[in-house]
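Here is what Swiss-Prot says about this protein:
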DNA_BIND  5-98  DNA-binding region
REGION    166-223  region 'Disordered'
COMPBIAS  179-188  compositional bias 'Basic residues'
COMPBIAS  200-211  compositional bias 'Basic and acidic residues'
DNA_BIND  244-338  DNA-binding region
Amino acid sequence: MPRPFFHKLIFSSTIQEKRLRVPDKFVSKFKDELSVAVALTVPDGHVWRVGLRKADNKIWFQDGWQEFVDRYSIRIGYLLIFRYEGNSAFSVYIFNLSHSEINYHSTGLMDSAHNHFKRARLFEDLEDEDAEVIFPSSVYPSPLPESTVPANKGYASSAIQTLFTGPVKAEEPTPTPKIPKKRGRKKKNADPEEINSSAPRDDDPENRSKFYESASARKRTVTAEERERAINAAKTFEPTNPFFRVVLRPSYLYRGCIMYLPSGFAEKYLSGISGFIKVQLAEKQWPVRCLYKAGRAKFSQGWYEFTLENNLGEGDVCVFELLRTRDFVLKVTAFRVNEYV
């Protein structure tokens with residue numbers, strides 16, 4: 001008889017609230033079986049009693065949950081798999097930021113490199129961070145002696161990558177705010193993250209001219225038909241990983257520019273990102289600064305260099321695909337307007 005599973009990705013709110021919400025779909029099926037507390041059994045043999053809080057047809061792991069989190073050093077970005085054994089008992093498997101199952105005997109701080117998921121779609125994407133999947137227990141990978149584990153060949157070793165089984169289709173991002181045209185005024189209360197050392201000085205026409213030179217050079221006379229062909233070609237490409245599409249505008253192509261990313265994608269996958277990520281085209285990677293703030297994410301430093309070196313211009317469509325490797329990587333597939341002229 002198949003056993004039900006659900007997974008939870010740990011967010012900052014999970015840590016702050018010191019509790020974990022049980023997925024609604026699981027609750028709707030099994031709430032009558034759950035008592036006032038559950039037993040969480042981890043592969044090291046420890047059994048943790050965690051109290052449940054029930055309200056408005058919702059259930060949280062609460063009393064005792066923080067002690068469980070502390071014991072295994074569970075952090076933001078960790079992935080927890082809960083296999084329901086019946087009678088308010090769960091088997092719990094914990095995967096860390098390097099996508100490996102943790103070493104339960106060292107409080108989760110060390111990798112257990114050989115305990116990886118095989119590349120398989122074990123999860124379904126559900127709304128509100130909830131997921132519930134029912135599979136035979138033989139599908140679920142259990143800890144094995146190192147000598148019995150096959151070599152890591154022919155499949156991705158990223159456990160979390162298997163979580164991303166469906167695309168995120170996003171509309172064209174919010175236009176980049178225009179640069180102020182007035183001279184001699186300093187922007188008050190400016191967000192320090194908006195400041196870029198490569199931006200032009202308003203009181204220097206020569207600098208301002210050079211600032212837009214690169215964008216002008218790549219500004220094309222693109223007909224609506226040509227643009228539509230590139231967009232339609234991009235729409236036929238749907239990676240299995242989460243992705244979004246961006247149609248490049250001149251405002252995304254000058255030195256010092258900022259490009260905002262679709263909010264739906266940002267909220268789901270970029271929350272907490274503040275620093276350099278890797279953007280990959282073909283076999284080469286470029287460092288690009290990505291900042292998430294108040295539900296929005298943007299590219300700044302490094303983005304211009306990426307577009308310049310790859311000769312990306314107005315009207316080109318970029319499909320950004322999230323690869324969950326050890327580093328945070330967005331793989332780019334470019335559909336160029338000049339290929340459809």
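Here the Cβ of each residue, glycine as well, is placed from N, Cα and C on the backbone.
For the DNA-binding region (5-98), residue counts in helix, strand and coil come to 20 helix, 40 strand, 34 coil, using DSSP. Taking DSSP states H, G and I as helix and E and B as strand, the DNA-binding region (244-338) has 19 helix, 44 strand, 32 coil.
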